[in-house]
Amino acid sequence: MSSAMTGQAKAGTPAGRSRLSAFGSAFVAGGYTMYPVLALLVLVGAVVAPNFATGINLINILEQVSVLGLTTIGLTFVVLIGRLDLSLEGIVGFAPMLAAVCLVPATAGGFGIELPSWMGLVVALGTAGLIGYFNGFMVVRVGLNPFISTLGLLVLLRGGVLIVSNGRSIYSPGPALTYLGSAKLLGLPVSVLVFAFVAVAIGLVFKYHRYGRALYAIGGNEDAARAAGINVDRVIWSAFVYAGLLAGLAGVLMTGRLDSAVTTQGQGIIFSAFAAAVIGGVSLGGGRGTMVGLVSGVLLIGVINNLLTLAQVPSFYVQASTGAVIIVAAVLTTVASRRSSGVRTRT
Amino acid sequence: MDRTQPIVEMRNISKTFGSTKALRGVDFTVMHGEVHALLGRNGAGKSTLVSTMSGLVASDTGTIRISRTEVAANGQPYAARIRDDIAHVQQTPQLFNLLTVAENLFLENPLVRRKFGIVSHRRMMSEAQALLDKWNIDIRAEALAGELSAGTRQLLEIMKALSRGVPVIILDEPTAALSNAEKRMLFEQVKALKALGISFIYISHHLDEVFEVADTVTILRDGQVVKEREDVGNLNVELIADLMMGEKTARSVRVDHTQADAPVLLQARGIGLYPVSAEGVDFEIRPGEIVALAGPVGGGKEALAMMLAGQLTPYKGKVSGAGGTLPTIGLVPTDRHASGYVGILGVRENVAIGGLDVLSGRFGFIDLDKEAAHVGNLARQTNVIASSLEQAVSQLSGGNQQKVVFARALCQNPQVIVALSPTRGVDVGAKEQLYALLRDLASKGLGVIVVSDEEDEISQLANRVVIVFEGRITGELRGDYTMKDLILRMEGVA
Ligand SMILES: Nc1ncnc2c1ncn2[C@@H]1O[C@H](COP(=O)(O)OP(=O)(O)OP(=O)(O)O)[C@@H](O)[C@H]1O
Ligand SMILES: [Mg+2]
């Protein structure tokens with residue numbers, strides 16, 4: 001039989017043009033679309049705001065985005081399989097709060113059980129993982145739509161934070177719990193190192209691990225993944241657990257940075273996480289998205305927020321302009337990916 | 001209008017997708033009241049050509065005239081201008097699963113529309129019921145399209161196209177998902193409409209159908225016409241196959257590699273195919289054996305296959321392997337669009353998800369070199385034609401998508417392969433190649449279970465044929481059965 005895989009590869013358009021367009025699609029598919037925009041923004045920032053391009057400020061940006069970054073990575077687990085998880089925002093607030101009240105004495109608002117400080121991490125991450133497990137159960141076993149089940153849980157967790165804390169923030173919950181979010185190592189905040197490590201490790205999993213392959217396959221066509229022999233239910237379930245764990249870790253970092261578990265902790269973060277994911281080219285329909293892209297979305301939001309603050313834009317406007325920028329960035333990503341791949345279901 | 005003039009006239013049609021030249025200066029004409037078969041191997045450009053005709057894909061060059069509408073193509077969309085002259089049943093199903101049968105049939109149909117775009121529900125229901133009655137299809141007009149069998153869904157799409165009252169109708173592999181009885185119905189309707197002067201463009205890889213319905217044949221190869229408007233009387237199956245493939249394709253015969261005294265690979269004991277089936281079904285397969293499951297649609301052969309593959313849990317009884325452990329099983333599902341391929345992923349990723357166990361090393365990371373080699377090898381063996389292994393499977397031609405699904409089923413070096421309609425949409429040459437591949441694997445001890453409606457396919461492959469009817473095994477053919485035996489058995493129950 002003639003020429004499988006080669007027949008049509010070289011026929012056609014002038015090599016130069018097709019190489020350029022191949023580069024274009026690889027650029028977009030790899031998730032690099034927003035990096036030129038990011039670079040431009042940094043350049044503009046450096047020119048207009050003298051305090052922007054300083055080492056301290058840039059590290060500050062990284063420190064600020066690490067919480068959002070971890071939440072977005074968690075969210076991406078479930079978005080890649082075509083689901084979503086709104087309760088991550090609740091976990092960011094609830095998991096560290098529960099840990100904090102288990103640590104501090106009753107006089108400081110705790111339960112009075114005063115667990116050793118390192119147990120705080122166990123409680124926070126354990127709670128986060130369990131909540132993720134519950135979400136997975138609801139979606140896989142009960143068959144609920146994740147939008148509605150995780151929305152319910154989000155509201156429930158918000159209330160839960162107030163219940164366990166009696167509506168009061170908990171200050172100085174203990175050194176082990178706050179270490180990750182407050183300490184420095186080699187001149188860098190530990191939170192930045194944690195984010196970088198998680199991003200690299202999970203980026204490798206997404207791209208090169210069989211678990212990552214299964215995520216993309218399920219997001220692209222769940223039935224096909226099942227027919228290919230993938231244990232679809234287990235992957236979906238575990239994706240919710242990983243998402244919960246990462247949101248719990250994000251919450252721990254946040255509590256550490258503030259040295260307190262605040263009752264409003266994490267509020268609104270799920271919107272930024274969705275925005276960062278979409279800007280980074282993660283498709284809400286599932287099956288598409290890369291760690292490289294996701295990180296660009298997170299950084300973009302961080303840089304914009306920072307610039308607006310440095311430019312002393314009144315805080316009311318910061319929120320509104322962030323929203324506007326999200327829309328613009330989403331348009332850019334969409335146009336770029338349509339231009340480059342033009343994927344349409346064929347006949 | 002002059003009936004001796006062509007109703008469709010296409011001149012110098014070209015279409016390039018990225019680096020693939022799908023069509024290169026094709027001329028194509030269709031006369032009034034003609035059934036024109038468009039043939040060619042997988043990826044030849046058939047679907048692309050008819051898509052440029054209906055405007056689904058805009059041609060880059062040339063002119064298209066349908067009835068009185070003339071279009072000079074330059075890559076810009078023109079579908080709106082010819083919409084009222086042509087209907088197109090695509091190779092990929094286009095029904096809306098969550099709409100009812102009636103809504104699917106009369107979507108955007110002026111017949112049921114009233115003032116302000118309000119749709120007359122009563123009118124729609126009665127028209128739909130009339131249409132279903134005319135075709136003699138026993139489903140309710142309120143049923144959701146997503147609940148129907150693949151064959152019925154295909155028929156619905158055809159009915160929708162045929163009831164639009166247009167002079168030209170494209171049928172792109174309409175029979176791929178149809179049972180023999182459903183095919184009969186289709187052919188009757190086509191002949192009736194042809195008598196009224198309606199023209200058809202008919203694409204199929206079942207060459208025998210061509211002689212049944214077509215008047216004229218045009219053959220494409222690599223985006224060019226190799227035989228234009230040949231009278232079907234001047235052709236035969238072998239000639240067409242050779243023209244399509246550009247080389248001789250020999251029809252192979254079955255070989256028996258059954259290791260009769262080896263332990264059973266996979267067996268079923270007393271399994272219930274239906275929720276309330278009275279008696280259980282027993283089945284076993286040995287290394288090297290190729291078994292076909294045949295029988296009417298819904299008779300239980302698909303259910304048996306899916307239970308053997310571990311995708312469905314039997315209502316009672318048990319499926320087990322030699323010594324208690326189940327063998328590794330590769331599955332080719334019936335409906336490649338629904339559960340075959342992941343459209344947005346490339347060929348490599350699609351094939352690899354079938355064999356994550358063999359491709360990943362310790363800690364579960366994929367061995368990229370091994371993946372490239374293994375997938376490349378499978379793609380070659382199954383004759384997948386793509387611009388590269390990274391091309392999204394949604395962009396491949398229908399037959400090549402099917403080959404990707406086939407390659408995926410082989411990816412984990414299975415001990416048993418369960419293949420439902422494995423060569424649906426695959427051209428005659430590639431079919432032979434897949435058959436040879438299955439025989440070769442059988443000679444190395446693989447057990448093959450094929451579910452098929454095609455007598456040819458069964459007789460070329462199967463050492464044993466099991467007839468499944470009404471949830472029971474009602475017959476079996478072994479060894480030296482003849483084609484006549486087979487047809488008698490298969491029709492005996494239908
Ligand atoms: N949207 C697309 N993007 C890229 N390539 C495409 C696209 N559509 C079609 N092609 C390519 O064009 C060629 C012709 O495809 P086409 O679907 O017309 O083949 P076909 O003759 O219908 O084959 P089959 O018998 O398998 O259905 C193939 O090589 C295919 O990969
Ligand atoms: Mg086709």
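Glycine is no exception: its Cβ is also placed from the backbone N, Cα and C atoms.
Noted in TrEMBL for the protein shown:
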TRANSMEM  A:20-49  transmembrane segment
TRANSMEM  A:61-82  transmembrane segment
TRANSMEM  A:94-113  transmembrane segment
TRANSMEM  A:119-140  transmembrane segment
TRANSMEM  A:147-165  transmembrane segment
TRANSMEM  A:185-206  transmembrane segment
TRANSMEM  A:235-254  transmembrane segment
TRANSMEM  A:266-284  transmembrane segment
TRANSMEM  A:291-310  transmembrane segment
TRANSMEM  A:316-336  transmembrane segment
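The recorded stretches the transmembrane segment (A:147-165) and the transmembrane segment (A:94-113) share 3+ CB pairs below 8 A when only pairs 6 or more apart in sequence are counted, and are therefore in contact.
The transmembrane segment (A:291-310) makes no contact with the transmembrane segment (A:235-254), as judged by fewer than three Cβ pairs under 8 Å among residues 6 or more apart in sequence. Beyond the ends of the transmembrane segment (A:119-140), by six or more residues, the same chain brings 83, 85, 87, 90-91, 94-96, 98-100, 102-103, 146, 149-150, 153, 157, 173-174, 176-177, 233, 236-245, 247-249, 251-252 to within a C-beta distance below 8 angstroms of the stretch. The stretches the transmembrane segment (A:185-206) and the transmembrane segment (A:235-254) meet in space: the count of Cβ pairs below 8 angstroms, excluding pairs fewer than 6 apart in sequence, reaches at least three. Most Cβ pairs within less than 8 Å of the transmembrane segment (A:316-336), among stretches A:61-82, A:235-254, A:266-284, belong to A:266-284. Residues 66-71, 73-75, 77-78, 80-81, 83, 85, 87-89, 91-96, 99, 121, 124-125, 127-133, 135-137, 139-140, 177, 180-181, 191, 194-195, 198, 211, 214-215, 218, 265-266, 269 of the same chain sit 6 or more residues outside the transmembrane segment (A:235-254) yet have a Cβ under 8 Å from a Cβ within it.
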